[in-house]
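*Asks:* Would you mind keeping the following structure in view while I ask a few things?
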Amino acid sequence: MIHGTTVWPSPAKLNLFLYITGRRANGYHDLQTLFQFLDHGDELTITANNSGNITLSPALADVALEDNLIYKAAMALKNAAQSPLGADIQLHKVLPMGGGIGGGSSNAATTLVALNYLWQTGLSDDQLAEIGLALGADVPVFTRGFAAFAEGVGEELSAVEPEEKWYLVVRPAVSIATKDIFTHPQLMRNTPKRDLASLLTTPYENDCEKIVRSLYPEVDKQLSWLLQYAPSRLTGTGSCVFAEFSSRKDAQAVFAQLSDNVLAFVAQGRNVSPLRKTLADYQSAKIRPY
C-alpha cells in the first residue's frame, strides 16, 4: 500500500462527433464516436488505509452512497483484486451531472486507476477497463486515458490523435438523462457506418443533437448563440454544448461575451488524459504523497 494523501484529476471529455448506427435486440445502441479529454475537471483526494472501508465526502445530494459511482468503482476494484484495504476519498466537484462531459464516468475511472496504484493491486489496463465497463459504457475510455475512436456500444476503442483545439463549453441550465434520449422514438438510429478516415475528413456531427434541441429550448438557445462564432455541437446526449477554436485567446473572447448567469468554461483538448500523466508522475516519484 502507498501511504499518504494523493490528489488525482478527473477530467471532462467531449464527444467530438457521435453517430448512432443501429440498435441491438437488448436495447443498446451501436455507435461511432470520437472522445477527447479536456484539461478541466473534478479532483479526487485519496488516502489509502488498512480499515477495509471506503468513505466518501461530501455526499452527493439525492445519491445514496451505494449508488455513487466512486463508491461502486472502489468496491468493484476491491472485490476484483480481493483487497483487504480501504480508502478515504474526497471529491471536489466541478463538472455538472447530466452534462454529457463524463463527470460520473470520469470519477469512477479515476477511482479505479488511483486505487489500483495506491493499493498496489497490479491490475492491467484491460482488467481496469473491464471493471469500468460494468459501471458505465464511457468508463473504459477514461481508465485507458487516450483520445479514442469508439465503436460498438462504446467499448471498442482505437487510439487517435485529433487536433488539441481550444473549446468553450457551455452548460445550459438543464440536466439530461442519457436514457431519455436513447429511448426517444424520434431519435435517428440508422446513420450509415463509415471508416475512420472518412469520419475524420468530413464535418463532425452529433445524431442526438436534433432531438435534444427540440426537447430542451435552453440547449437550442445556447447552441444557436455559439454557432454565431464558431463550429459548435452537442457533446454526448447533452446538456453541454461546445464551440471549437484554434487558440485560447479566441475562445476567451467569446467566453467574455456570455451573460454572467451562464455556466461555462474554456479548456484545451488533450489526447493523453491528465489522469494518466498524474499516474506516471506518482510512479516516477515526480510527485509524492503528502
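Placement of Cβ uses the backbone N, Cα and C atoms for every residue, glycine included.
Keep in mind the model is a prediction, meaning the values are calculated, not measured.
Marked as active site by Swiss-Prot on the basis of sequence analysis: Lys13, Asp138. Per Swiss-Prot, ATP binding site is recorded for Pro96, Met97, Gly98, Gly99, Gly100, Ile101, Gly102, Gly103, Gly104, Ser105, Ser106, and the stated evidence type is sequence analysis.
Where in this structure would I find these features, and how exposed are they?
*Replies:* Cβ environment of Lys13 (active site): Phe35, Gln36, Phe37, Leu38, Ile101, Gly102, Ser106, Asp138, Val141, Phe142, Thr235 lie under 8 Å away, each six or more residues apart in the same chain.
A sphere of 10 angstroms centred on the C-beta of Asp138 (active site) encloses 25 other C-beta atoms.
Under the DSSP three-state reduction, Gly100 (ATP binding site) is assigned to coil, being neither helix nor strand.
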*Asks:* According to DSSP, which kind of secondary structure is Lys13 (active site) found in, if we only use helix, strand and coil?
*Replies:* strand
*Asks:* By a 10 A CB contact count over all chains shown, which of the binding-site residues listed here is most packed: Gly98, Gly100?
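*Replies:* Its Cβ has the most other Cβ atoms within 10 Å: Gly100.
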*Asks:* What three-state class does DSSP give Asp138 (active site)?
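*Replies:* SS state of Asp138 (active site) = coil.
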*Asks:* Please determine which of the binding-site residues listed here (Pro96, Gly102, Gly104) has the lowest count of neighbouring CB atoms within 10 Å.
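*Replies:* Comparing Cβ neighbours within 10 Å for the binding-site residues Pro96, Gly102, Gly104, Pro96 has the fewest.
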